[in-house]
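S.K.: The active site, proton donor annotation in TrEMBL covers 51. Look at TrEMBL and you will find 113 tagged as substrate binding site. The domain 'NADP-dependent oxidoreductase' annotation in TrEMBL covers 18-300. Summarising the annotation, TrEMBL assigns site 'Lowers pKa of active site Tyr' to 80.
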Ligand code: A2P
């Protein structure tokens, strides 16, 4: 069953409302998962150089395209300008590297991954200060980066451009300085972090919202642990209201969480490398939440940010870092 529901972006392009998120998946896992996802009907794939799996995804895409099993125009591929390359002169070479890795001529959407910028060493590793904090490049200039992003649309390397992890204030600032408006802002968005102010602002500005961590991104625990961050994460699929609504519809809690996102006009990119769960996450179009159920889910908001970048200790020193995390609180 293919994802046949699309959101029309502010430039007329159509984005499938469900995509597969690929963060926290190894090369091996992701090659199998993308194969399974394409067979299941996914056409929207969300990746990034930061996830380290563009080459693996590229290999699967090439096999499918060469075999004529899918047409390029039916795929919707999203990738991102990483925080280590968030500088004007790095935009074009960085997308060209992603395109080479993905074995594509263009991407459907290219996003500025974060509003902040990090320094790396010549070998690609992060730079750290004496206290083990990641070194931030405070010279970030969103307008200058955006001008280079616009050129990608003009020269055909990206059909659409957008941002990710941008606050309302950052989006508003960009709008004052752009020729091409961002088509989407990809943000953490789920029942416990609804970000209504930001979502409503973007919608009013005709900027689509793409929800990452729609299921609560439990896998982030290992990043936090590796960085020495101790934090209990909520289990969105265990919330009584979500479970109760799922039972009423004979669906799973994950399907209810995804349906709620789609019903509020937002695109969702759940990550899974498991065949049954991948299929389940696409199987959300055969039931409808009632107005009362939507209201019940909207009332769950707790402003709990799961991906707060605590695993990048030091990032909070960047002037464009707007999230609260354990180092800013
Ligand atoms: P897995 O890859 O083993 O399926 P998010 O998309 O919010 O980042 O959440 C992804 C996490 O949720 C992953 O740990 C993923 O594990 C798990 N997951 C994905 N789909 C489902 C589902 N339908 N039911 C339960 N867990 C899921």
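Glycine is no exception: its Cβ is also placed from the backbone N, Cα and C atoms.
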S.K.: Can you check how the pLDDT averages out over the domain 'NADP-dependent oxidoreductase' (18-300)?
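M.R.: That region's mean pLDDT is 96.
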S.K.: Count the Cβ atoms, other than its own, that fall within 10 Å of the Cβ of residue 80 (site 'Lowers pKa of active site Tyr'), considering every protein chain shown.
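M.R.: Excluding its own Cβ, residue 80 (site 'Lowers pKa of active site Tyr') sees 28 Cβ atoms within 10 Å.
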S.K.: Neighbour count, 10 Å Cβ-Cβ cut-off, for residue 113 (substrate binding site): what number do you get?
M.R.: 21
S.K.: Fill in the CA-CA distance, residue 51 (active site, proton donor) to residue 80 (site 'Lowers pKa of active site Tyr'), as an integer in Å.
M.R.: 10
S.K.: Once the DSSP letters are reduced so that anything not helix or strand counts as coil, what is residue 80 (site 'Lowers pKa of active site Tyr')?
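M.R.: DSSP assigns residue 80 (site 'Lowers pKa of active site Tyr') to strand.
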S.K.: I need the CA-to-CA distance for residue 80 (site 'Lowers pKa of active site Tyr') versus the residue listed as 'substrate binding site', whole Å please.
M.R.: 5
